[in-house]
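Chemist: Here's the feature list from TrEMBL:
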type    : residues                    : note
BINDING : His88, His90, Glu94, His133 : Ni(2+) binding site
BINDING : His88, His90, Glu94, His133 : Fe(2+) binding site
Amino acid sequence: MRTPRPVTRVTLAGWCGFSPEPGRSRGDPAISLELFPQTKLDADNYETDPCLKEIRRAENYSWMDIVTIHKDKLPNYEEKIKTFYEEHLHLDDEIRYILEGSGYFDVRDKDDKWIRISMEKGDMITLPAGIYHRFTLDENNYVKAMRLFVGEPVWTAYNRPADDFPARKQYMKFLAEEAHNGV
C-alpha cells in the first residue's frame, strides 16, 4: 500500500500547480501541491504530451483509459451519475486528468467539511486512497477524462461509512500527523 498523500492537483491554468479554492491555503493538509512545478499539461495533445509522460513514469501510472460522462455517451448515465455523487472512498489512489468538459470533485477536509474542487480541461487530480469524496458534473453536463492507475485498474467504491478499511485508517493517521506537524 502506498503512503497516503494530500489531494494533489495539477492544472493547465498554472504551471502544474495548485489553485486553492477561495478561503483555502496551500498549506491545508487536505490539498497541496506535490508534482512537477515547472511543467505544463497539454490536454489537446495528451497522446504525446511530455509532461504527462513524465508524470506517468514518475508515479508509475502504468494503466490508463478514457471515459466520457455525457447522457449520449455513457451507458446507464442517470444511474452512474448518482453512483459518482454518493460519498465513497477507494482502496487505491484515484487519478483523473480532464481532457474536455468540466465538473466537481468534493472531498472531506481534516474537520470532515466538504471542499469543492472545480475541474476543467487540463486539470489533473490525485485523490489518495481512503479519502471520502464524490464527483458531479457542472451545468455543462459533460466531461471526458483519463483514468490512471498503478497496476491493474480497480474501480471499487466503498460508500460511507467505510472507516474500518486499512486505507481509511492509514489516511486518517496521515491527516493526524499532518495536523500535528502544523501543515
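Cβ coordinates are placed from backbone N, Cα and C, and glycine is handled just like the others.
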Chemist: To see if you understand the setup: which same-chain residues, six or more apart in sequence, place their Cβ under 8 Å from that of His133 (Ni(2+) binding site)?
Modeler: Glu87, His88, Leu89, Glu94, Phe105, Asp106, Val107, Arg108, Leu127
Chemist: On a simple 10 Å Cβ count over all chains shown, which one of the binding-site residues His88, His90, Glu94 is most densely packed?
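Modeler: Comparing the binding-site residues His88, His90, Glu94, the most crowded Cβ belongs to Glu94.
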